[in-house]
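Enquirer: Dumping the structure here so I can ask a few things about it.
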Amino acid sequence: MSTKHFFSSTDGVVKKALNSLVARNPNLQHDEDNRVVFSKTHDSSKVTLISGGGSGHEPAWSGYVGDGMLTAAVAGDVFASPSTKQIMSAIKNVPSKNGIILGITNYTGDMLHFGLAREKGLSMGYNIKVVSFTDDAALGRKKSELVGRRGLAGNILVIKLAGAASEKNWSFERCLQLGDLGNANLVTIGTSLDHCHIPGRAHHQSIPEDACVLGMGVHNEPGLRTITPMPPPEEIVKEMLLYLLDPKDTDRAFVKFDPSDDVAMLINNLGGLSNLELEALTNIVETQLKNDWNLAPKRIYVGTFETSLNGPGFSVTLGNLSSIARGLNMTSAEIFELLDAPTTAPAWPKNGYGNIEKRQELNVAKGEETETQSEGPILSNPQILHNALHSACTAALNAEPLITKYDIQMGDGDCGEAVAGLCNALLAKLSPSAPPSNQLFTPNSTLFASLDSIASSVEDVGGSLGAILAILLAAFANTLRRNLASPSSSSSSTTPDAAAVGRALGPALDNLKQYTGARVGDRTVMDALIPFCDEMGRSAELGAAVAAAEDGARDTAGMRPRFGRATYVGDRAEGGEMPPDPGAYAAAVFLRGLADGL
């Protein structure tokens with residue numbers, strides 16, 4: 001891999017790159033504080049499409065902002081998901097009276113932070129749903145059964161289809177259906193000669209000179225297998241197509257292709273291949289599709305669509321347009337019209353497909369912000385909640401050294417620091433010396449304003465733990481708001497009782513499960529949260545629910561991790577030498593402190 005760069009680190013590079021993009025595309029605007037690129041010509045009467053992810057994949061996703069594709073894109077740090085606050089900024093910059101679709105590549109950080117943004121958006125009255133991008137075919141069903149298939153370059157085709165549909169004034173539900181069908185009918189696999197290199201970071205691994213890796217991820221994740229000695233490109237392509245198309249491969253065979261189907265093909269440069277090699281490889285793929293599989297793609301797109309910085313590799317995406325059309329009760333010709341429709345997105349390649357017509361500028365009405373919903377009833381006795389939360393934070397802070405010790409044994413040791421940061425932030429809001437505008441509980445505190453204030457502190461916690469807790473809290477508030485608004489509710493004017501809390505926790509937990517595959521037995525904070533929510537819903541007894549959370553956390557001792565960085569601790573045998581999961585332990589301690597303070 002090439003380790004030489006003009007920039008000695010990634011500091012400030014993302015913002016410079018986005019400023020450059022916007023400077024040469026007057027239809028775009030850059031919210032620099034949040035690294036959001038959005039369309040100036042956004043029409044709030046049409047469906048809004050928002051996507052994004054870690055930087056380093058350019059031109060994805062900011063390069064696909066424009067009429068007929070994305071309405072906004074959010075850029076995180078290099079190979080790191082954008083924060084929830086960044087995503088919320090995108091939502092507020094391009095509101096829609098019709099609905100907002102969040103296109104999420106299936107990586108843990110992206111799923112959690114975009115998921116939390118959706119929950120927050122719902123609480124503000126926005127109509128928001130998610131389309132997950134999961135086109136990777138390399139790892140198969142067995143290896144991806146927990147976290148799902150990765151999102152690769154195929155998502156660009158989904159964005160083009162859904163963006164064109166929005167531009168044609170399709171309904172929100174119809175655009176959403178198209179996005180889901182588009183993703184379900186795509187398969188992608190990549191091959192790389194080496195890892196990419198991130199400026200300013202040390203990389204100690206490289207692929208042997210006489211080898212390539214089939215199925216390597218776009219963040220240097222291990223692939224399906226290393227092929228050595230290096231075979232001719234024809235053999236590499238032959239194996240790649242086998243993984244995409246072989247109907248006998250029961251671990252894959254995600255999409256069925258028949259010779260009569262209309263197919264789109266996208267060949268993506270991962271960033272470090274010459275155009276000469278990329279075009280030659282495309283010719284090999286096209287030839288083998290025709291000779292070996294009796295498939296002739298009707299649309300072929302070749303170029304740099306979603307990179308892995310300077311990764312010397314390429315990926316092949318195949319999409320069954322006929323299957324998408326059948327799912328929508330449309331013709332393939334109508335799907336072609338969406339792919340061929342003009343767009344102002346700078347990164348979508350110019351091509352000779354379709355009838356290109358000069359577009360007229362739109363007179364766009366400025367979208368009005370959606371008003372936040374009711375703040376709910378005034379708390380009947382805020383001091384009780386003040387005492388309980390103070391007790392919980394104190395208990396967690398006292399346990400911080402042990403939480404850190406557990407995390408150092410299994411990970412990078414940052415869990416205790418994150419828990420301490422959250423608790424200190426909440427204690428600051430509980431302090432009598434806090435500014436009145438920042439105090440968590442006052443005599444006139446309302447239910448949902450207090451929950452929002454707590455959620456704001458939780459959102460500032462880094463990593464997956466903070467995102468998981470924030471999503472659960474946001475979904476709990478949304479469900480509780482709906483339940484209290486129900487005519488049958490008996491808690492419309494006072495603090496909700498334990499039964500009302502239990503009824504809201506069940507749906508909130510179900511919402512959280514949409515954004516993480518972790519369940520009981522996977523050695524995560526979910527080992528404590530799931531038993532707590534389940535028991536609270538069953539019995540409405542806080543003591544029993546806390547005991548269930550403590551049992552769940554205790555059971556993670558000796559359990560092999562299946563999510564997060566701890567999964568890379570491969571030389572530690574399953575057994576008693578493993579401590580409890582630090583996140584689950586921290587959650588149980590916090591909940592016990594909460595119960596003791598009531």
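Cβ atoms here come from the backbone N, Cα and C positions, even for glycine.
According to TrEMBL:
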type	residues	note
DOMAIN	9-348	domain 'DhaK'
BINDING	Gly54, Ser55, Gly56, His57, Asp110	substrate binding site
ACT_SITE	His219	active site, tele-hemiaminal-histidine intermediate
DOMAIN	383-596	domain 'DhaL'
Enquirer: Can you tell me how spread out the substrate site is, meaning the largest CA to CA distance among Gly54, Ser55, Gly56, His57, Asp110, in Å?
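Expert: With Gly54, Ser55, Gly56, His57, Asp110 as the binding residues for substrate, the largest Cα distance is 14 Å.
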Enquirer: May I have the list of same-chain residues other than Gly54, Ser55, Gly56, His57, Asp110 whose Cβ is within 8 Å of the Cβ centroid of the recorded substrate site, in sequence order?
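Expert: So the additional residues around the site are Gly53, Ala60, Ala75, Gly76, Val78, Phe79, Ala80, Ser81.
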Enquirer: At the Cα level, what's the spacing in Å between the residue listed as 'active site, tele-hemiaminal-histidine intermediate' and Asp110 (substrate binding site), rounded?
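Expert: Here the two Cα atoms lie 13 Å apart.
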Enquirer: Looking at Cβ-Cβ distances, which residues of the chain lie under 8 angstroms from Gly56 (substrate binding site) while being 6 or more apart from it?
Expert: Val78, Phe79, Cys196, Ile198, Thr307, Ser308, Leu309
Enquirer: Tell me the Cβ contacts of His57 (substrate binding site) under 8 Å, same chain only and six or more apart in sequence, or just say none.
Expert: Val218, Glu306, Thr307, Ser308
Enquirer: Taking only same-chain residues 6+ apart in sequence, whose CB is under 8 Å from that of Ser55 (substrate binding site), what do you get?
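Expert: The list for Ser55 (substrate binding site) reads Thr10, Val13, Val14, Ala17, Ala75, Gly76, Asp77, Val78, Phe79, given in order along the sequence.
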Enquirer: What are the sequence-distant neighbours of Asp110 (substrate binding site), meaning same chain, six or more residues apart, C-beta distance under 8 angstroms?
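Expert: Same-chain residues close to Asp110 (substrate binding site) (Cβ under 8 Å, separated by 6 or more) are Gly52, Gly53, Gly54, Ser81, Pro82, Ile104.
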